[in-house]
Structure formats: structure tokens, C-alpha cells
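K.L.:
So TrEMBL says this about it:
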type: ACT_SITE; residues: Asp313; note: active site, 4-aspartylphosphate intermediate
type: BINDING; residues: Asp350, Glu354, Phe377, Ser378, Ala379, Met380, Thr381, Arg382, Met383, Ser384, Lys395; note: ATP binding site
type: BINDING; residues: Asp523, Asp527; note: Mg(2+) binding site
type: DOMAIN; residues: 113-214; note: domain 'P-type ATPase A'
type: TRANSMEM; residues: 45-67; note: transmembrane segment
type: TRANSMEM; residues: 73-91; note: transmembrane segment
type: TRANSMEM; residues: 225-246; note: transmembrane segment
type: TRANSMEM; residues: 258-282; note: transmembrane segment
type: TRANSMEM; residues: 589-607; note: transmembrane segment
type: TRANSMEM; residues: 619-639; note: transmembrane segment
type: TRANSMEM; residues: 659-684; note: transmembrane segment
Amino acid sequence: MTTLDTNAHSMNTHEHAQVSSQSVLNAAQFVQAVPGALRKLDPRALWQTPVMLVVEIGAVATTVMSILDASVMGWLVTFWLWLTVLFGTLAESVAEGRGKAQAASLRALQEETTARRRASDGTVEVVSSAALRAGDVVLVTAGERIPGDGDVIEGVASVDESAVTGESAPVIRESGGDRSAVTGGTTVLSDEIAVRITSEPGHSFVDRMIALVEGSERQKTPNEIALNVLLASLTAIFLVVCGTLYYQADYSHAHQSWIVLTALMVCLIPTTIGALLSAIGIAGMDRLVRRNVLAMSGRAVEAAGDVDVLLLDKTGTITYGNRRATEVVPVPGVTQSDVETYAKLSSLADETPEGRSIVELISADVAAPAGTVLVEFSAMTRMSGLDAPGLQVRKGAGSAVTAWVAENGGTVPDATDDIVLGISSAGGTPLVVAVQEAGSAARVLGVIHLKDVVKEGIRERFDELRAMGIRTVMITGDNAVTAKAIAAEAGVDDFLAEATPEDKLALIREQQRGGRMVAMCGDGTNDAPALAQADVGVAMNTGTTAAKEAGNMVDLDSDPTKLIDIVEIGKQLLITRGALTTFSIANDIAKYFAILPAMFVASFPQLKVLNIMHLATPQSAIVSAVVFNALIIVALIPLALKGVRYRPSSADALLKRNLLIYGVGGLIAPFLGIKLLDLGIHLIPGL
Ligand SMILES: Nc1ncnc2c1ncn2[C@@H]1O[C@H](COP(=O)(O)OP(=O)(O)OP(=O)(O)O)[C@@H](O)[C@H]1O
Ligand SMILES: [K+]
Ligand SMILES: [Mg+2]
């Protein structure tokens, strides 16, 4: 067998380089986004954004009015209202465009290849990869491309997944354990594996990635929907206000044209946030993708911004997950060769990496007796072994095997506990080996030492999480002593040992009942229920298909500390949305005071005191406000896409700071902007 390369799982930093090169927004991106923006002007697409739909209807109305009754002012307002809608769709289109290049390179992975499909009778036929269905078994040898998503059911191989993950170091994929999932389009570098296909055509992992980076599957989150309803209500109110203003103005002999009132209405409704809302959401998902995290829903990204507790599986998440047998220790009275024989016997059927490592460690030839029934490992029993006529062998977690020995009339010698304790306190996983032969009570033979290594640099990252106010809890099926040793080494706040899949699920529910937002990182099939229940379920890409399907995010780098980035991006998304909503509404209030006095000052000279801006003429005031209202959308697109900067600090301090910058800033900006625009605009002939 090949030597397993643990470096392949070491934390990598390549994605950070990627981020900085891609986050620069350039003019070309805007230009490329124009066709998409024009398509989005279709009212059937625009109704998703009620505020912008109202602007579009307003633009249609002023177009008609200007045709019927041409005036410079009418055409200027019309032109800028159309630009306002276009800038809104442009924001979304630019946000989407950033995933398009990535989607194109992913599509290259979907090229049809040939596959060697193995029928149930063992015959192998060559078929097209497009003909593969879930359940098919294919053979893939060094140098070949894996034709579809699946689980390795035989063998172990090193695989180049760089096309999907961007990480050039090969990874190990093997049957039985928590590193069995392979992705279609990746390449086998050494050895041969048999893969059971798990996805139907069109529903592969890469298909999902493409849909995700293109934003085509994006659905509004409940928060976005709530905000949209609020914006639509504000819009409705201003529609009524401006509509009735026409008659009130007439009644007071201060007639205002419908063009002026439409312009006023557009200035007052929350167009800025209405235009940028969807771009902010898309940008959040995009930022995650560039960190090599695939979020299956926007809701998960938002939830990440509010996480209080992070639960992590131990093996494969906190440790490299390359748990291997290093020694077998006999209890007093048992020979080394005896304990080794039974340890190997108990592992003949054990297809987990742990089981195979035991078979490899022990050189003695051992064969299963005739009539053997193999007992596979399960996370529930935490044991594996075999049953033969007159012979039962088990190995597994200390508590599980102790219970089994007692059930079968035996007692466990004190020395066992000492050996188990010794291995556990060093952070190793002890597997107790026991046997029951016909006519005698079960007895313990010795203990297998499984070694695993804590991932490098994980401690510092957990410290960071603590600084962000997030509690880390390790949950493991392993015994309490091992758990404690690894917990101390990794620096988690707390741990839960001897946890079954149900225990993991129960712990999450309990935390959620306490009002906490729970994130969970895991890789195993036994983590799947917990990953599904967690508010943010991050599956390691190295993990099983079940885990990857249960979670709402997949980390392509299989780095649990990535949660720090995920939380930051989630917080940044929430803060950006909050900041731009504040700015937008403050802006609209300011515009009200900027325009209204100018509109009515001719009829009501008393308004002069309010007319602090001294805009040149009422017409120029209206046009300047409309132009400002449109330009502010374009001006804020980069901020919406990049996100407001997030620094770890208390929620209170953040709120105060943002209210000050975006609230007060939003109030002042229109006065300055409109005044400046008015200086030029009032010179336009005919206005
Ligand atoms: N192949 C095996 N045969 C027998 N017992 C095993 C085997 N593999 C693991 N065990 C025992 O079962 C326990 C639970 O293993 P499992 O892989 O389900 O852990 P887990 O819940 O995923 O937690 P973690 O991944 O954090 O260790 C292990 O701690 C070990 O004591
Ligand atoms: K507005
Ligand atoms: Mg596990």
C-alpha cells in the first residue's frame, strides 16, 4: 500500500492569495455586466425587487408624459430614472459576473470521459461517463479521471483534487472510513480504486458548485424577504404621499406636474438598498467560494454571522484523521504473539482505515476459521470482530468491550485499565481486544494503540474563535481520557466523550433550545444527523458523501478552523446589509428636506427658512436630486460587493459605529451631493 501523506491535509493559505487578486473590482467587470443588467430590466424579473419595479413603472410613465408634452426637464428626469433602474440591475449583474469565470473552469471538469463499469458478475465494460447512474461501480486506475461522484468501496489511492479545490497536494481517498468520498472530474494519481457512483447525471457536486458560483440557485433568505417587505411598504407609503400631494398642491394653488411628483417619489423611496440588497447577498456567497467554502444556502451564511457555539468531531476534524495502529500491548499472562493473532483476526473483516492499519502492523499469517461471520464496525456498538463456531473475537472502545466481556461471563483484569489509561492520556485511541472460546468465559487479551495527530496551528485558531465570543466543543466517540488529552492539546473549551450519533444530535438540540446558534464541523457518516440539525453544518471535503449532503456548507480545504472565516464573512454580510439600509433610509430623509422646500418656495415664500441649500431653481433641484439618487447606487456597488470591514468587537460598539458613519453620513451626503450637482445642472439650457 502507498504511504499516506498527511501533509495533504495541512492547512493551506493559497486561497488567500486568490482572494486579493480577485476582489479588485475593475471597469471591465462593469462593462461585461451590462448585457445581463439590460436583460434584468424585464418586469417579470424585476418584480422580485419591488422598489426597483416601481422606479421602472415611474420611468415608463415619465417617458410617456415627455412624449406627450416635451420639456427638457421631462426628458432629463426620464433619462435618469431609466439609469436608476439600470444601475440597480447592474449591481446584481456585476455580483453574479464574478462567479462566471469560475463556473467556466468548473465546466471543463464535466467533459465526457470513458468509464470502466463493473457489473455485478465482475465483468467490466467501457461506457461513457454520461451513462453512469447512482449505484454503478466503476474502476479507476492511476492517471485516469474519476468519471463521477461516489464513494470508494475498494482500495486506497492518492487523488489530485486541485481542479476542484485549488490545492495542489494530493489527498488520500480510501474505502471504509471517513475519507471515502471522491468527486467526479478529479484524477487518480496512484493505485486503483473501485468507486460506487452516488449522483445522477446533472446532480453532481460540480453541478452544484456551478449553480452556486453562478448564483442561479440563489433563493432569498427569510431576512432578505423581511427587509424586502419593509422596503415595499415604505415604497407604498411614498407612492400614496406623492399621489395625494398632486391634489393638495393644486388645492393650495401650488401646482406640481406629475413628472416632478414621480421624480420626488423615486428620490424618497429606498432605491439605494433596494438596488443593492441582492448584490450584497450574492457577494457574501462569492466571498465564501473564494475561501474554498461552498455554502448551499444564503441562510447558512447569515446564520454563520450569529454563531455562538462550534461543535467539532475529533478524528479527521481536529486531528488529521489518519488514525493508525502503532503497537499491541498484551495484558499480563498473555503472550505478544497471542494478542497479535487475535487483534489481526478481529480486523480481517474490518474495512475501516483503522482496521486495515492493524492488519498491516501485524506480520503473522492469520486466517479466519471456517464458518466465520464477520462483525463490522459501527459507531453505535463501537466494536468490530468476528463470530466463528466456538469462537468470538471483539475489539473496540474500552467501555464497549468491557460490557461485552461482562455479558459473556468474564471479568476485566485491572491491568487493562492501566494500559488503556496510558494510551489515552497520551491522546491515543485504545482498542481493547477480547475473545470468547467455547466453554469458557470471555477474557481480555490486550490493547491496540491507535495514534493520531492534532492538526497544526489549530490551537491559535481556537483562541481567535474565543476572542470572537464563540465557544468550541469537541465531540467524539472516543473515551474521556483520550478526549481530554486531545482537547487540552487542541485548546477547545469543552468536550463530550463516548458520544454516539444520537448524543451529538441531542447536544445540538439542547444548545439550540437554549437560544444559541450552533455550528458543527464534521466528516463522518455518523456526523450527518448533527450536521443536518446544526444552523451551520460544515462538512469536510475529505469526509463521506452522507456528511457532505447533510451539511449546508462544504469546506474544500477540510480545515475546521475555516469557521473563523465563515463567521467573519457571515458577520460582514449582516453588517453590510445593515449599514447600507441605514445609509439608504437616512439618504431618503435628507432628500425630502433638500427638495421639498425648493419645490414649493415659489408658492410659499415662508419656506425660505427651510431652503438652506439655496438650489438655483426648483427644476434644477429636482433633476439634481434624481441624478444624485441614481449615482449613489453606482458609487456604493463596490462597498456592497466588498463588504463593510469587520473587526472583532462587541455588537454594541459595532452598532454605534455604523449608525454614526452610515446614518449621519447618509444624512449629510445628499445635501453636499445635490448642491454640487445643482451648480452644474442649473446651467443646462431650457431647464
Ligand atoms: N475499526 C474499529 N473497530 C473497533 N472499534 C473502533 C474502530 N474504529 C473506532 N473504534 C472505536 O469506536 C469509537 C468511536 O469511533 P467513531 O469513528 O464512531 O468516532 P466518532 O464518533 O466519529 O468520533 P471521532 O471521529 O471524533 O473519533 C472510537 O473511539 C474507537 O474506540
Ligand atoms: K431613493
Ligand atoms: Mg468521526
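Using N, Cα and C of the backbone, Cβ positions are placed for all residues, glycine too.
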K.L.:
Is the count of Cβ pairs under 8 Å between the transmembrane segment (619-639) and the transmembrane segment (258-282), pairs 6 or more apart in sequence, 3 or more?
P.N.:
yes
K.L.:
Since the record lists Asp350, Asp523, Asp527 as binding-site residues, which of them has the fewest other Cβ atoms within 10 Å of its Cβ?
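P.N.:
Least crowded of the binding-site residues Asp350, Asp523, Asp527, by Cβ count within 10 Å, is Asp350.
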K.L.:
Mind checking which residues of the chain, 6+ beyond the ends of the transmembrane segment (589-607), have their Cβ under 8 Å from one of its Cβ atoms?
P.N.:
249, 252-254, 256, 260, 264, 267-268, 613, 615, 617-618, 621-622, 625, 628-629, 666-671, 674
K.L.:
In terms of Cβ proximity under 8 Å, which residues at least six beyond the ends of the transmembrane segment (258-282) contact it?
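P.N.:
Sequence-distant neighbours of the transmembrane segment (258-282): 48-52, 54-55, 58, 61-62, 65-66, 71, 73-74, 77, 81, 84, 87-88, 91-92, 94-96, 215, 218, 220-221, 224, 227-228, 231, 234-235, 238-239, 241-243, 245-246, 298, 301, 573, 576-577, 580-581, 583-585, 587-588, 591-592, 595-596, 599, 618, 622-623, 625-626, 629, 632-633, 636-637, 640-641, 643.
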K.L.:
I need the least crowded one of these recorded positions (Asp313, Phe377, Thr381), counting other C-beta atoms within 10 angstroms of each C-beta.
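P.N.:
Output over recorded positions Asp313, Phe377, Thr381: least Cβ neighbours within 10 Å is Thr381.
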K.L.:
Where the distance is taken from Cα to Cα, which of the binding-site residues Asp350, Thr381, Lys395, Asp523 turns out closest to Asp313 (active site, 4-aspartylphosphate intermediate)?
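P.N.:
Checked the binding-site residues Asp350, Thr381, Lys395, Asp523; minimum Cα distance to Asp313 (active site, 4-aspartylphosphate intermediate) goes to Asp523.
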K.L.:
Name the residues of the same chain, 6+ apart in sequence, whose Cβ is under 8 Å from the Cβ of Ala379 (ATP binding site)?
P.N.:
Gly477, Thr500, Pro501, Gly524, Thr525, Asn526
K.L.:
Roughly how many Å separate the Cα of Thr381 (ATP binding site) from that of Asp527 (Mg(2+) binding site), to the nearest whole number?
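P.N.:
Cα-Cα, rounded: 15 Å.
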K.L.:
Among the recorded positions Asp313, Ala379, Thr381, Asp523, which have a Cβ atom lying under 6 Å from any atom of ligand 1?
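P.N.:
Cβ under 6 Å from ligand 1: Asp313, Ala379.
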K.L.:
Which one is it, among the binding-site residues Asp350, Phe377, Met383, Lys395, that lies nearest to Asp523 (Mg(2+) binding site) by Cα separation?
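P.N.:
Out of the listed candidates, the nearest Cα belongs to Phe377.
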K.L.:
Near the transmembrane segment (225-246), which residues from the same chain, at least 6 beyond its ends, have a CB less than 8 A from one of its CBs?
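P.N.:
Same-chain contacts beyond the flanks: 49-51, 54, 256, 258, 261-262, 264-265, 268-270, 273-274, 277, 577, 581, 585.
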